[in-house]
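Pulled the feature table from TrEMBL, pasting it below:
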- 19-510: domain 'Major facilitator superfamily (MFS) profile' (DOMAIN)
- 21-42: transmembrane segment (TRANSMEM)
- 54-73: transmembrane segment (TRANSMEM)
- 85-104: transmembrane segment (TRANSMEM)
- 110-133: transmembrane segment (TRANSMEM)
- 145-164: transmembrane segment (TRANSMEM)
- 170-193: transmembrane segment (TRANSMEM)
- 205-224: transmembrane segment (TRANSMEM)
- 236-254: transmembrane segment (TRANSMEM)
- 274-298: transmembrane segment (TRANSMEM)
- 340-359: transmembrane segment (TRANSMEM)
- 371-390: transmembrane segment (TRANSMEM)
- 488-506: transmembrane segment (TRANSMEM)
Amino acid sequence: MAEKVEQGGGLVSGNKAGITFVVMVAALMALVDITIVNVALNDIRASFGTPVDQIGWVSTGYMMANIVVIPMTGWFQRRFGFRRYFAASIFIFTVASALCGLSWNLTSLVMFRALQGLGGGAIIPTAQTILFARYPKEQHGMAGGLFGLGAVTGPLLGPTVGGYLIDWSTWHWCFLVNVPLGVLAVVLALRFIEEPGFKPSKAPIDAFGISLLAVGMACLQYVLEEGNRESWFESTHITVLFAIAITALVTFIVHELETPHPVVDLRVFLNRTYAAGTGINLLMGLALFSGNFLFALYCGSVLHYAALDIGRVFLLSGASQIILMPLVGKFGGKVDQRALLLIGIAGVATSLWMNAHLTDQAGEGDLVQSMFVRSVSLAFVFIPISVIALSDISAEKRGNATGLFNLTRELGGSIGTAWMGSLIDRGSKIHGSYLAESVNPYNPIVQETIGSIRGSLGTMTSSSELVPESVLAVKVKIQAMVLSFQDGFKSATAVFLGCLVLLLFLKKAKGGPVAGAH
């Protein structure tokens, strides 16, 4: 008879290997999709004739829907059950992927990406909860390692897979590739996941809370995604949306704390360890997303790497996680998880600091080295923080806690990416202005540089006397960009080290990893 493990308010049973496989396929599909699309943006823009300042909506539409649905996954799980909600989320994601691949203009693509985000946002937290609910407690470490493996592999594979698909065919296949995987995942989810004791929640629908959350998170995500392009609060549009976001979210918090049947139970933050762990997760998301964003942008704009080359660097440096994630999951429970987390935080901060010393002369070895340190360290971060943060949360509240836990990482990532985009834009101008002022034509070093450029260009004609100066101006621009990237990596390092303060508030985890961890 299949083993049954209580989780949430129902019973989860079924073939363990089958459930593990379908959970990892679905999670990998959703996570790959986040990064695979970034590689295709230029091709999509060319295909539709879209202005550069509008193509970002392909990502913004997805993230707005994604970040709205994540905190509500616990409520949907209680209402419809893991099996039906998980299968429905995959189905929505798959249908939306097919529609994205068949899009005829930017508007249709953005609409279908938003629909895709509604499905994708639910897949990850629901998949986590199902996986850990099915495994007995003594095997939660291995379950966490396996899921962590899929979670970190997806973003690494995205750019590489996307590059190959575009080289082989067109950008449409970056979406259509999800269709066969999605159909397989839906069939297997309905086949293997069983909930014989599930009883749907009869609590009334908190329509007011859902509306406040949807409006608040959507407006906030829009501000974070589009703020830099619209000069932040110099834009009336951004200012109004930010005011709406703050008003809606503050009202949402007050309402959820007072209503007897909240769509998101915020009282879980009264648990000190969970609150501190979620705070660390927020800072981790901010530093890691911004660090990866800076790294990819640096490789492309300073080193002029193609998208496929950038993906290869991520893939080479991230290969170690394939081995480390399961090992940390299996053996990590034998030591204090806080010690593992400390090692991981120190390692990631070191890798970000290494990035802060990259120049325009960096080779691929320098890039892989710093990212390898980060890859190894992340294995000691993802699993321990989720184990610690959720160890004190009761089974019936874990679905809700998992949604909030995932939300903080996504929100941190959005904040970090927006912050770094502004920092690079502003920093390049400031450093460029300073460097331009310091380039004195009578300076011996400047004269030597100009002479060297003239020598490399050969015999000069009167019409090309300004060529060396033009080349020097380009060098100044590149150096200004390098300095701004270094500032960004140093800022990300400082943020990540901020996790050490919150580490002091964590209690030792009780037992093994728990449901929904990552």
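Cβ atoms here come from the backbone N, Cα and C positions, even for glycine.
Keep in mind that TrEMBL annotations are predicted by a computer and have not been checked by a curator.
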Taking 54-73, 110-133, 170-193, 236-254, 274-298 as candidates, which has the most Cβ pairs under 8 Å with the transmembrane segment (145-164)?
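Stretch with the highest Cβ contact count: 110-133.
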Short question: which residues 6 or more past the ends of the transmembrane segment (236-254) have a Cβ under 8 Å from it?
209, 212-213, 215-217, 219-220, 222-223, 226-227, 230, 266
Taking a Cβ cut-off under 8 Å, which residues six or more beyond the ends of the transmembrane segment (371-390) line up next to it in the same chain?
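Those are 141, 144-145, 148, 151-152, 273-274, 276-278, 280-281, 284, 288, 291, 295, 313-314, 316-321, 324-325, 327-329, 332-333, 337-338, 340-341, 343-348, 350-352, 354, 398, 401-402, 405, 506-509, 512-518, in sequence order.
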So what pLDDT does the domain 'Major facilitator superfamily (MFS) profile' (19-510) average out to?
82
Using a Cβ-Cβ cut-off of under 8 Å, list the residues of the same chain that are 6+ residues beyond the ends of the transmembrane segment (21-42) and lie near it.
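Tertiary neighbours of the transmembrane segment (21-42) are 55, 58-59, 62, 86, 90, 93, 97, 116, 120, 123-124, 127-128, 130-131, 146-147, 149-151, 153-155, 157-159, 161-163, 165-166, 171, 174-175, 178, 181-182, 184-185, 188-189, 192-193, 307-308, 311.
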With the transmembrane segment (274-298) as the reference, which stretch in 85-104, 110-133, 170-193, 488-506 has the largest tally of C-beta pairs below 8 Å?
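If we count Cβ pairs closer than 8 Å to the transmembrane segment (274-298), 488-506 scores highest.
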Counting Cβ pairs under 8 Å to the transmembrane segment (170-193), which of 85-104, 110-133, 488-506 comes out on top?
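Most contacts with the transmembrane segment (170-193): 85-104.
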